[in-house]
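Enquirer: The structure's right below; bear with me while I get my questions together.
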Amino acid sequence: MRVWVPVGVLTSLAYCFHQRRVALAEQRAPNGQRPVDRNLLELKMVQVVFRHGARSPLKPLPLEEQVEWNPKLLEIPPQTRFDYTVTNLAGGPKPHSHYDTEYRKTTLRGGVLAGQLTKVGMQQMFALGEKLRKNYVEDIPFLSPVYNPQEVFIRSTNMFRNLESTRCLLAGLFQHQKGSAVIHTDEASSEVLYPNYQSCWVLKEKTRGRKKAAISQPGISEDLEKVKTGVGINNGDDVDFFVLLDNVAAEQVHSLLNCPALERFAQLIEQRAVDMALYVVEQEDRESIQMAVGPFLHILEGNLLKTVDPTTAPSKTRKMYLYATHDVTLLPMLLALGIFDQKWPPFAVDLTMELYQHQESKEWFVQLFYNGKEQVPRGCPDKLCPLDKFLNTMSVYSVSPEKYRTLCSKTRIVELGE
């Protein structure tokens with residue numbers, strides 16, 4: 001692995017490092033005594049958590065004039081092709097996908113099924129893969145230019161749009177190559193890459209109650225009635241700001257938004273969807289965030305700890321971890337890290353954690369990026385965050401499988417109700 005040292009023979013590489021957002025900076029070290037010379041930082045590990053690419057809506061709006069979703073929207077761009085196989089977490093057969101079975105029950109006008117990755121989404125994910133290739137293959141020699149399972153671990157939720165999004169990302173990251181990548185996924189009953197209402201009854205009950213209460217909040221209820229009336233949706237129809245945003249976002253990204261009223265209300269719809277989400281998942285309600293994404297944060301935390309542990313066998317770590325997730329995963333994660341920007345996580349957005357080690361002091365640092373922008377996580381002094389401080393931030397919401405089971409126990413529903 002290349003060590004970044006400030007000597008003449010590495011001048012061009014140092015320049016690339018500069019171009020890659022980790023240039024020399026007048027940044028104070030944690031003790032405040034000296035700046036951190038970023039030329040002495042060696043990249044050790046990267047974790048990328050991303051939302052799938054653009055897709056068809058999950059549930060159409062009950063409007064007389066329905067948007068037409070032509071099957072041509074699902075055509076696969078040749079450059080995004082990449083062979084992959086799907087296994088369970090233990091390497092066995094791919095689990096059944098309950099969600100995909102449900103999506104097949106809804107056909108949108110034009111013939112496209114609900115929740116399907118589109119050509120636009122495939123191109124978005126390919127572009128994200130190309131960005132990762134530039135950052136970690138071309139600008140610095142961190143990853144091999146071809147897929148190597150000893151370097152990259154890939155996990156996705158067991159939904160076709162996420163598996164296909166991962167395929168497109170891999171095509172952008174590793175280009176065309178022979179051989180197949182392995183994507184790991186889990187049973188719906190134990191999945192932790194999204195808030196799991198199937199395995200966590202307490203979260204399900206709390207979310208149901210708070211979602212119902214959110215809709216009746218002053219301002220939200222009036223705006224919902226205004227939007228529904230404006231676009232011609234009966235107040236009796238089961239449509240909230242989440243359903244509205246799902247359709248607006250999908251139609252906008254495919255240039256299919258042909259309802260002037262929906263277009264006029266688009267910004268309000270997104271803001272109110274965010275307001276509802278923040279009401280449902282309160283930042284002050286530590287347990288709600290723990291139940292939503294705590295087990296996933298525990299996995300990310302574990303990857304960091306394994307990498308910095310000198311006793312960890314090389315076969316137990318990877319240079320890069322890729323996780324295909326959802327907007328409902330990213331939003332509580334951003335809240336947990338203190339970097340939520342008050343905007344709904346867009347299609348193909350990524351949250352990237354880079355782990356560095358200083359070659360002289362041997363100190364560890366984390367640099368966090370969301371949607372391509374450097375972030376300062378809660379509890380961190382600056383964008384380059386000492387690992388211990390970053391872990392302290394994660395530990396507030398990270399939960400072990402045992403703690404998760406305790407939090408989600410059905411017996412706690414009665415306790416909380418009392």
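Every residue gets a Cβ built from N, Cα and C, even glycine.
Small disclaimer: the values here were computed from a predicted structure and weren't measured.
As annotated in Swiss-Prot:
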ACT_SITE  His52  active site, nucleophile
ACT_SITE  Asp327  active site, proton donor
REGION    51-161  region 'Substrate binding'
TRANSIT   1-25  transit peptide
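Please go over these features one by one and say how buried each is and what sits next to it.
Expert: In the three-state DSSP scheme, His52 (active site, nucleophile) falls into the coil class.
In the three-state DSSP scheme, Asp327 (active site, proton donor) falls into the helix class. Residues near Asp327 (active site, proton donor) in space but far in sequence (CB under 8 A, at least 6 apart, same chain), listed by position: Arg51, Trp344, Pro345.
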Enquirer: Suppose we draw a 10 Å sphere around the Cβ of His52 (active site, nucleophile). How many other Cβ atoms does it contain, all chains included?
Expert: 29
